[in-house]
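Novice: Quick one: the structure is below, questions incoming.
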Amino acid sequence: MAVMGLLFPASLHSTGTEVHLGVSELALSRVSSCVLLLAYVASIIFQLKNIKHLEGNQHGEILYSGDQDQDQDQDQEGEAPPEISKWESVIWLGITAAAISILSEYLVDAIEGTSLAWGVPVAFISVILLPIGGNTAAVTTSVMFAMKDKLDVSLGVAIGSSTQISMFIIPFCVVVGWIFGRPVDLNFQLFETATLFMTVLFVAFMMQEGTSNYFKGLMLLFCYVLVAASYFVHEDPSS
């Protein structure tokens, strides 16, 4: 859904087939953003209503091949008690979110100067270098759960953040710009959109079998190296 929402405005702009130049692309972006937001809300509602059913499907093979009571005992032994309460978690989440938002302002202002000082394209810094530092917590969490043989949680953390950005944050920015009269569209240029399409397709094929091994991990790392090399020699046309 996210690839479709971003691909169509970029293709419309690149092919020059807009009915009204400069207007059709913006209108399509706003319509696509509303659809993506509705799809994201629907996915959240679906997961909340069917969370027990989904968990049952994930453990279906274990329950079928082994003893159900033994599996439940193992799950209970593996669950650690919470270290802080729910409201303490909410408070700490709010504090860290406020601190990160303030630091992000300084970070964004320093990107252009860093690009000129290092001689590195802005696209490479924003797409490759910044996510490595910004997603350290998510990567660490995914690795920890994967080492505990909880690959479903690991994938949920890794792919969930990407889904949230593409299906919620970006369309939400377009809608907010629409409300305040700012022309924000979903045209991320042809190179960036093609990169997104290929990476999503590559990850989808890797996950299709539902198994993991070191060869698949190696291929994903090689794919990341190719993307990084592409952005290192790519310059944003607007810059």
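Here the Cβ of each residue, glycine as well, is placed from N, Cα and C on the backbone.
Just so you know, TrEMBL annotations are computer predictions that nobody has curated.
Annotations for this protein, taken from TrEMBL, read as follows:
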TRANSMEM  26-46  transmembrane segment
REGION    63-82  region 'Disordered'
COMPBIAS  68-80  compositional bias 'Acidic residues'
DOMAIN    89-228  domain 'Sodium/calcium exchanger membrane region'
TRANSMEM  90-108  transmembrane segment
TRANSMEM  120-145  transmembrane segment
TRANSMEM  157-180  transmembrane segment
TRANSMEM  186-207  transmembrane segment
TRANSMEM  214-233  transmembrane segment
Novice: Flag the pair the transmembrane segment (157-180) / the transmembrane segment (214-233) as in contact if three or more Cβ pairs fall under 8 Å (sequence separation 6 or more).
Specialist: no
Novice: Is it the case that the transmembrane segment (214-233) and the transmembrane segment (120-145) touch, counting contact as three or more CB pairs under 8 Å in which the residues of each pair are 6 or more positions apart?
Specialist: yes
Novice: Provide the three-state DSSP residue tally for the domain 'Sodium/calcium exchanger membrane region' (89-228): helix first, then strand, then coil.
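Specialist: Counting residues by DSSP class gives 118 helix, 0 strand, 22 coil.
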Novice: What stretch in 90-108, 120-145, 186-207 has the biggest tally of Cβ pairs under 8 Å against the transmembrane segment (26-46)?
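Specialist: By the under-8 Å Cβ criterion, the transmembrane segment (26-46) pairs most with 186-207.
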Novice: I need to check the long-range neighbours of the transmembrane segment (186-207): which residues 6 or more away from its ends have a CB within less than 8 Å of a CB in the stretch?
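Specialist: Cβ under 8 Å, 6 or more out: 2-3, 5-7, 9-14, 25, 28-29, 32-33, 123, 155, 159, 166, 170-171, 174, 216, 219-220, 223, 227, 230-231, 234, 236-237.
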